[in-house]
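Trainee: What Swiss-Prot shows for this protein is this:
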- 172, 199: heme b binding site (BINDING)
- 56-62: motif 'GXWXGXG' (MOTIF)
């Protein structure tokens, strides 16, 4: 069996496992439950079909750059929906030590992916909105577009910081589904000199969906 065949077989086996998983929910609420598995729950809103590959739970590791130097982190991203015209987004990460073990909590963000709805401007209606609240004390609004069926690019349009929040610059993010069905991304942020510099990157494997 060639390496390519082995990769396909491994992906198929992984899909059989992840397809049976979903995020936990409380079953007594009188509204559609969140689901991170497109095989279960409400149908995905047609307005979100260009974001369909993102739905799921993703886990993996990445690299970050901070003032004290580079570091490695683990991360889980949950992308779910309830049939509405938005995707729920929750990302949390943790620092890893030199042995690849948990060291301490890291960055955390939560928010929503939406498409701009402007019947008067069909081109603008293809724009993505990503609204994020960060545990470090700031709120961020991204706008972007799908680059193709499996990659998306977004850039910060507005940023608001609380009095206790971290001082940060705007960012540019690129997400994509890559070889093996993994989710990869890179984030650049504006530094003190006003230029975009590498900040975060990660490769995550599907865990649910």
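Positions of Cβ are set from backbone N, Cα and C atoms, glycine also.
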Trainee: Compile a sequence-ordered list of residues in the same chain as residue 199 (heme b binding site), six or more apart from it, whose Cβ lies below 8 A from its Cβ; state 'none' when nothing qualifies.
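Mentor: Set apart from residue 199 (heme b binding site) by at least 6 residues yet with Cβ under 8 Å, we have 64, 65, 171, 187, 188, 189.
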Trainee: Where DSSP helix means H, G or I and strand means E or B, what are the helix, strand and coil counts for the motif 'GXWXGXG' (56-62)?
Mentor: 0 helix, 7 strand, 0 coil
Trainee: Using a Cβ-Cβ cut-off under 8 angstroms and a sequence gap of six or more, which residues of the chain neighbour residue 172 (heme b binding site)?
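Mentor: In sequence order, 153, 154, 155, 156, 187, 188, 189, 196 meet the Cβ cut-off.
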